Amino acid sequence: MIVKDRIEILENLKIAATARYIPERVVSNNELSTIMDTSDEWIYPRTGIHNRHVVTDENTSDLATHVAQQLLEKSGWSADELDFIIISTMSPDSLSPHTAAIVQGNIKASKAFAFDLNAACSGFVYGLSAASALLSSGRYRKGMFIGAEVLSKLVDWKDRTVSVLFGDGAGGVLLEQTDESVGLIAEELQSYGEMGNAILTGRFANRNAFSGEILPLDPYFHQDGRSVYGFATREVPKIMNKALDKAGLAADDVDLYLAHQANERIIRSMAKNFGQDLAKFPTNMAEYGNTSAGSTAILLDELVESGQVHPGMKIAFVGFGGGLAIGVQIWQL
Ligand code: 4VN
């Protein structure tokens, strides 16, 4: 029998800082019940959500810029040490300029290239994947990765099945190459494009000078809640198991599972599926709702701040949602 006495690091990387920024304005379930036919009694037991924060005069790049500034302050890095800035978002200020470019200009990261990445609710894990691959290529040393969303602009506030679920917010990390035995242990990413219509957001009208009848512009978020819920509970454990296998770890070996904050019942079902204590699956959707690419980054920073995430831990980041897509990364911090 081969006994594994130490884990192998796939990519030696250090998380040099974490940060988050949440807009001030809180909208409670009770306040929502004054503008639509809903209630805390309906929303909370089904989702685990009490509040969400929404912007009043800020956009996605503003939330991300706050995160970027805090990341630099916390790390002591200067902006021109950054080789790249990646922002995961499905709610950019505009398609061009892309949100990461706006942030790069705002913080004057004069040597950095910047691009946006859209993988919806899996945006945090897919963004971490892109950032860690760029760093481990050896071509770049220091990168900033932020998940930022203003989903309140994509929500139809007359649609009570969707508007109650989402919120605005951003979180991010600084990543750098290191010689230490820390970093990414294993990754498993999987897309399910054939199920993509279960989450539809931001459809352009494909009108040109030669087009006939076309579907009209539809910015709003639509989801087939039951099929997305079923997809997540059925498929996420399969991808998680593949990632654990690649890492050579059992579910018990992972200290914390930081999962996309879409619905508390999904998180409970995952914990049960892996025979894990619910305490290993922290949540914050009660306060922020679902912030898509922002959710896991916000949670990570909160746990770092409260001392619940620290060096030496093994953490699994779990993303799932629009695409449809799933991603798992397991890290040795
Ligand atoms: C991932 C998921 C969800 C999602 C799906 C369904 C759902 C969230 C359906 C049943 C409903 C309560 C809410 Cl798993 C959404 C995204 C998109 O970010 C990603 N909530 N629910 C009920 O009637 O109980």
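Placed from the backbone N, Cα and C atoms, the Cβ positions cover glycine too.
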| Of the ranges 36-40, 96-100, 261-265, 291-295, which one does TrEMBL list as region 'ACP-binding'? | 261-265
| request: Could you find out if DSSP has H260 (active site) as helix, strand or coil? | output: coil
| the region 'ACP-binding' (261-265): which same-chain residues, six or more beyond its ends, come within Cβ distance under 8 Å? | 46-49, 121, 165, 229, 232, 283-286, 288-291, 295-296, 299, 320-321
| query | Any idea what the Cα distance is from N290 (active site) over to C121 (active site), rounded to a whole Å? | reply | 9
| Per DSSP, what is the residue tally for the domain 'Beta-ketoacyl-[acyl-carrier-protein] synthase III N-terminal' (115-193) in helix, strand and coil? | 25 helix, 32 strand, 22 coil
| note | Cβ atoms other than its own within 10 Å of the Cβ of N290 (active site), all chains, total 23
| remark: Between the C-alpha atoms of C121 (active site) and H260 (active site), the distance in angstrom, to the nearest integer, is 7
| Structural state census, the domain 'Beta-ketoacyl-[acyl-carrier-protein] synthase III C-terminal' (244-332) (DSSP three-state) | 38 helix, 21 strand, 30 coil
